[in-house]
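For reference, the structure is listed below as structure tokens.
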Amino acid sequence: MTDSHSTSNPKQKQVVARERFQHRALGSTHDQLKKARVLLVGAGGIGCELLKNLVKSGFKEIVIIDLDTIDLSNLNRQFLFRHEHIKKPKALVAKEVARKFDPRATIVAHHANIKDEQFNVEWFAAFTIVFNALDNLDARRHVNRMCLAADVPLIESGTTGYNGNVQVIKRGKTACYDCKEKQVPKSFAICTIRSTPSQPIHTIVWAKSYLLPELFGVSEAAAMNLDTSESANNAEEIEKLEKETAQLRELREAMGSDDFVRKVFDQAYKKDVERLLSMEDYWKNKKAPIPLDYETIASGSENIDPLVAKLDQDVWTLQQTFTVFKDSLLRLSKRLAEERAAALRENQLEPVIEFDKDDEDTLDFVTAAANLRSAAFNIDPKSKFDTKQMAGNIIPAIATTNAMVASLCILQAYKVIKGDLGRTKELFLSKANMTGDSSDLPNPNCMVCSRVMMRTKIDLEKATVGDLVDILKLELDYTGDITITTESSQMTVFDYLDDDDDDEDSLAKRRDTKLVEVGVGNGTSLIVLDGGDDEPRVDLQLFVEDMNAEREQALVVKFVFNDGEKPEIPRKPAKKPTEMNGTTTLDGEAQSAATGSKRKRGQDDEVEESAPAKKLQTSANGATQEDDIIVIDDEGAIVLD
Ligand SMILES: Nc1ncnc2c1ncn2[C@@H]1O[C@H](COP(=O)(O)OP(=O)(O)OP(=O)(O)O)[C@@H](O)[C@H]1O
Ligand SMILES: [Zn+2]
């Protein structure tokens, strides 16, 4: 008989030895983490590191989810992936590779979006702890809300270049992801992009967010993140821009014809520039742009091989740029025509081509189109490589930063697993140092976590608006002066002010309307606002689940109380001005450096890296005698917190 201690399998031996050390270091926390059920959202830069750390630190039950497939550009830092994995789902490959670190760990992988309906509050509630390893605000906010609703602790993390941060989020105990205002990505004034570019980034944004969508995607209004606040002063200019946009859109009709390239070129680099030249006042103190002439440029580019586009580190000559412009325009036109034909056959929506930094056709087009505009406006051209960084809003990801952040996540997780939330920290990593602050308390004015959240089972076949209002009154003691809206689309489900309606018939009709008819479905989140007296209650958020099999004859709406107890819905705090700190939303959101220095709060907040090393003391049963988390390796022990 083989027991785990006498195994001859070298891998197994390694795991057993590792676990013995872990037990000595962590004591009962080790037992707890072996029983924990962990969700890891994202299998990218931080996610791969975290999964490896989770398995190697003894977590036995892990669910990992990622919607993406592996790309060549991931391989330099996502070390669970190899060349042969390209195009395979990240979550599935990560699972297969990480299992080898501990064959006894159970890893379940989902190649899916965490926002999918199936991952509802009930599903989240089954986890002991959740880790976010995401790259976008939207998904982070979603997981934040789901964890608050399910009352599951969340370890949030992010990196940008050398900067990184880790935040522990637990409902009612610490600040949530939305407690602090997030900086929005930098936007550009519409007139700078469309009329008066002066830097390479302006022509790159023009090519990526204006010309490309106008020709191949959804129109400007939807695609561009432009600041139109100057519009009031520039009504005439805006009108001209709109006219030009309409002309460009007409060009789409010419797609596929022999003179398509010439038409686009003339519109974008001749007529448009001539229009801008007519703003004489503007060019009085600046070098005026020069319209480009198709014949002149084309005649010098006949012998250039379109493969010049592969030279991504070089700044192309004007003729090379023209060649890539023409070639990529034709490639994109052909692609769109094929996609349209396929969509028509399969009765699908009209396809569009959107910019993707990893899509060579769109990147070639944006690089060339931007550089032609730069040529007209006396702006320095950029290489394809530089354009990729700028258009993709890329700050290079650094494997070491990801690795450090992932290990800090684990150290915070130990405290959470121990139930030691008071000692969790928000950590900030930068090139110079690492700083740590005790986790912030929840912001009482936070729009997200100040809400009371509740799962709500609804018989969607039967339940009406009136049923929902009645149960809110009956079970949660609302007066009825409430407004209910859907969170995502902000559609009104019920408004007590309409209840004052004199028309009895219309009132009755509204209350008898089925909830499904007013946009409520499985997974909908509803916000209940108390419009009552002077001291309204905080907002209530209901996460709707279809009652399905549990349908009971009489009950069509049923609240699921956490801990089985009816929650108290407190009154809103009296309004007073709040001070919002800047924030460190990292990763794809390209935020400012994560110094965290402004957040220091006294003695407790010592920098983690400066914590004095203490001697490892173990008791008879092998557990440490202190509260500190101690990491040991063959060299000895280090006290980390
Ligand atoms: N809604 C979501 N559901 C599931 N996974 C998501 C969701 N949003 C983002 N992700 C995943 O989170 C991971 C974030 O990892 P990372 O920041 O390293 O990005 P990446 O896409 O791998 O790299 P890069 O953007 O630099 O090419 C990605 O693998 C991405 O697919
Ligand atoms: Zn909050």
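The backbone N, Cα and C atoms fix where each Cβ goes, and this holds for glycine too.
Worth saying up front: this structure is predicted, and the values here are computed from it rather than measured.
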Statement: In TrEMBL, of the candidate ranges 147-174, 231-258, 483-510, 511-538, the one given as coiled coil runs 231-258
Query: Tell me, what is the mean pLDDT of the domain 'Ubiquitin-activating enzyme SCCH' (328-388)?
result: 93
Query: How would DSSP class Asp66 (ATP binding site) in three states?
result: strand
Message: Does any of Gly45, Asn76, Asp138, Cys176, Cys179, Cys449 have a Cβ within less than 6 Å of an atom of ligand 1? These are the binding-site residues; tell me which, or none.
response: Gly45
Query: Does anything in the same chain, at least 6 positions from Cys179 (Zn(2+) binding site), have a Cβ under 8 Å from its Cβ, and if so what?
result: Asp440, Pro442, Asn443, Cys446, Val448, Cys449
Message: Roughly how many Å lie between the Cα atoms of Gly45 (ATP binding site) and Cys191 (active site, glycyl thioester intermediate), rounded to a whole value?
response: 37
Message: Using the CB centroid of Cys176, Cys179, Cys446, Cys449 as the Zn(2+) site centre, which other residues of the same chain sit with their CB within 8 A?
response: Leu148, Ala175, Tyr177, Asp178, Pro442, Asn443, Met447, Val448, Ser450
Message: Near ligand 2, meaning Cβ under 6 Å from any of its atoms: which of the binding-site residues Asp66, Asn76, Asp135, Cys449 fit that description?
response: Cys449
